[in-house]
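Engineer: Summarising the annotation, TrEMBL assigns domain 'Acetyl-CoA hydrolase/transferase N-terminal' to B:10-215. The active site, 5-glutamyl coenzyme A thioester intermediate feature in TrEMBL is assigned to B:GLU288. Among the features that TrEMBL reports, domain 'Acetyl-CoA hydrolase/transferase C-terminal' is placed at B:327-463. Per TrEMBL, CoA binding site is recorded for B:ASN378, B:GLY382, B:LYS402.
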There are 2 protein chains.
Amino acid sequence: MYRQRIRHPKFQERVVSAEEAASLIKDGMVVGMSGFTRAGEAKAVPMALAERAKKDPLKITLMTGASLGNDLDRTLAEAHVLSRRIPFQADPGLRKAINSGEVMFIDQHLSETVEQLRTDQIPGIDIAVVEAVAITEQGGIIPTTSVGNSASFAILAKKVIVEINLTQSETLEGLHDIYIPSRRPTRQPVPVVSPESRVGFPFIPVDPDKIVAIVVTRKADSSSTVLPPDEDTRAIAGHLADFLKYEVKSGRLTNELQPLQAGIGTIANAVMHGFIDTPFHGLKMYSEVLQDSTFDLFDAGKLDFASGSSVTLSQSRYEQVIADLARYKHQLILRPQEISNHPEVIRRLGLICINTALEFDLYGNVNSTHVGGTQMMNGIGGSGDFARNGHMSIFVTKSIAKAGKISSVVPMVSHVDHTEHDVDILITETGLADLRGLAPRERAQTILANCVHPSYRDELGDYFNRAVVRGGHTPHLIEEAFSWHNNLRLHGTMKP
Amino acid sequence: MYRQRIRHPKFQERVVSAEEAASLIKDGMVVGMSGFTRAGEAKAVPMALAERAKKDPLKITLMTGASLGNDLDRTLAEAHVLSRRIPFQADPGLRKAINSGEVMFIDQHLSETVEQLRTDQIPGIDIAVVEAVAITEQGGIIPTTSVGNSASFAILAKKVIVEINLTQSETLEGLHDIYIPSRRPTRQPVPVVSPESRVGFPFIPVDPDKIVAIVVTRKADSSSTVLPPDEDTRAIAGHLADFLKYEVKSGRLTNELQPLQAGIGTIANAVMHGFIDTPFHGLKMYSEVLQDSTFDLFDAGKLDFASGSSVTLSQSRYEQVIADLARYKHQLILRPQEISNHPEVIRRLGLICINTALEFDLYGNVNSTHVGGTQMMNGIGGSGDFARNGHMSIFVTKSIAKAGKISSVVPMVSHVDHTEHDVDILITETGLADLRGLAPRERAQTILANCVHPSYRDELGDYFNRAVVRGGHTPHLIEEAFSWHNNLRLHGTMKP
């Protein structure tokens, strides 16, 4: 059954068990695996590696595109296989090992990892493990539901293991566009000039001699964990739609808007879904992860084209999309994350970027990663690539969390991932703050008026008023700036 | 004498006094003026405006390239002419008005201001005032010692005032390369592929009918305020040279390095000057401001080419460079700051970026702007454009300030301009910390070992050790994170 998927004439003999392939990975190695937001990760080899480590302990540096599905990060962390993890994760078990200091986590802008690898600024890849739909006659690797960093990992690695996943539809072939920027200092422009631009190969070109093992697998991708829209996320989507309608009315945008990027997760998915009920049409996406909402918008006739680095869907959506892939295929491209998140392309296309904040402060600085300033949640992911370089940088969050014990709007964020320079619009369910062209004191006033939950508004206003008395371009009471976070630490609530 | 500099046949009759030109500026207008780091600013019209405001008060929004010379920002602030100021300044008098809340200052990445103007996301320019060497037969404006935002200001403004400065040498003609990115969503790649790329016009192309007034001036640029190298800055330069030599020895760089960017100011100038005593050669710069050190490196035969947005020199260097400009000219280009600082070009060329920190913390977050977290110093300038997108992002500072009352290395920075994601190398006179590929706890250890002044090392180590006990990916004692800054506020020293 799998033989037609391994088309290179010499490669049939390289098929081995997952255990045998995993045995190529030695203690201390740097391993680059496919996988981006629970899509297209190598599945059998990491499981076999975790099993093996129970009897034969080893530690590796694991690099991926982004987060892995099938609980692989948890399984590898619990087997104590990971000494270092780069550049993103989203697993509660691994998170625990990161926050305890067992696993060294290097939290990177998703466009930068392979740039650093290519210039030997971080240790090079010993072995790449890449999930594939098939291998071409020439040995090219056809990725599955994500591209992520797989192409550069395979190209830069000393050896490559390919997992042919029989549950991944062969209709995925042709969806990918693999373009790798040339080496510096003679690099030429990345030729992507629209979300539809096809500029590379539909497979990962790799020296066939480097493919040392092929494993055949039958485990499906994990489903997306996004929750359906609720009252708050619908309110956030409504504020965004009203704002964009006003921008159109003011002549700053047309009803086609500009290409859209949306971060992963429940809120961003709900916000994108909300575009169904707007006058906007002929939309395009140039994003990282294509979620259920992308296909909702295709089906509603709102979206013309979507470029991403992975497709991460709920179970039911996944089955429908794969069954109908021939219908969607001419409207889709999957790219390496270096290209989906490239500052050059993001700036050129003029994206409207929608990402999720963990918390933001009076002046519009955003924390995307650290709970209480210390505990890593997932990582910055691509939010920095987009927020810095887009036409318009929007952050969304609910105004409170934990039944009101936490305010998402605070005097000063306990960790900064996006500075006030990179944040144009903030939205919570209570309203929208348009910070463009405003100085910090003005930013504070519009945030206070629009984005703060009523149960925290007076206290935050009081902090601001007292800080203004002391003065400064960005007024703060430095001795009190984290008092809300400290209350939470000591008493389980930000309330005094 | 000035007639040969005004070559358009109809323009002689548009010559007016500075007062007359300034009278075109009305209360509430947005005015875009030339000027970048004390170079090439319009001089007569803003002075006349400040004079007029004494009798006839008015408020304007003033946009420039960057900081102005000839005390213009102070003069305008003291005349209460400025309601808003965008995107950078470096004047003690204006700083005071910003920190008191009188002037609303919008502190922006220097590559972004005209992108926001072009898309009407900030209020449009009513009048542009641009210093010029000459006006061409077709009405093109030939800038002087800076380009900054002048080109887009003139192109986007409703009306343009040109100041022909007779003290600016006519040999400056031909130095400039004016390229303006096309409008989105059909923008093509910026075609700059090396520091030497010439891709535009040697003048600002502008509709001649918009040039409504021409003022002839004779006031020179202000001299640079950089101080000569001292023992500490020489030590910083030495650490950087040793590090880069190690990178060459390790095969990650060659002796030609990669194109260099250096921020403005005494330390960055001293560090660049230090390259004279290194084995590096055939160097190129792709930077914002070309300071004395650029010409020191030309004269030492180390530097082959320099691209910038302005030339800001000491008095003696200025006189020598202008006298010998014919000799340097084939090695120099001045570009719009949108291009000198463009993320696309910075990433493509793979710059080594050297910028100055006000303070940095245990984990490598950098504060470039806010004293004590509240008081604006100058602004982020181009440091974010370069630190985010370069091949290698280096920040330099002395380990202490104010005779040891301030440590430049603190538990947590009181304001974040550059997150840990954007900082690769930190250097003080005590040593260099190479943060590439390190997790926060590892970053802290190398910073503690290398960059902290001995008088603060034990206390900072103690903070870190106690924070680690509490745990987290980025360990902190949130209730104590700003205790050093609070000590400084209350007692004039960070010491407890």
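First residue shown is number 1, and so on along the chain.
The backbone N, Cα and C atoms fix where each Cβ goes, glycine too.
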Engineer: If you run through the domain 'Acetyl-CoA hydrolase/transferase C-terminal' (B:327-463) with DSSP, how many residues end up as helix, strand and coil?
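Structural biologist: Per DSSP, the residues of the domain 'Acetyl-CoA hydrolase/transferase C-terminal' (B:327-463) fall into 50 helix, 38 strand, 49 coil.
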Engineer: Can you give me the Cα-Cα distance between B:ASN378 (CoA binding site) and B:GLU288 (active site, 5-glutamyl coenzyme A thioester intermediate) in Å, rounded to a whole number?
Structural biologist: 16
Engineer: How does the model score the domain 'Acetyl-CoA hydrolase/transferase C-terminal' (B:327-463) in terms of mean pLDDT?
Structural biologist: 98
Engineer: Other Cβ atoms within 10 Å is the metric here; tell me which of the recorded positions B:GLU288, B:GLY382, B:LYS402 scores highest.
Structural biologist: B:GLU288
Engineer: How many Å lie between the Cα of the residue listed as 'active site, 5-glutamyl coenzyme A thioester intermediate' and the Cα of B:GLY382 (CoA binding site)?
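Structural biologist: Distance (Cα to Cα, whole Å): 8 Å.
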Engineer: Give me the largest Cα to Cα distance among B:ASN378, B:GLY382, B:LYS402, the residues the record lists as binding CoA, in Å as a whole number.
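Structural biologist: Taking every pair of listed residues, the largest Cα separation comes to 26 Å.
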Engineer: What is the total of other Cβ atoms whose distance to the Cβ of B:ASN378 (CoA binding site) is within 10 Å?
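Structural biologist: Other Cβ atoms found within 10 Å: 19.
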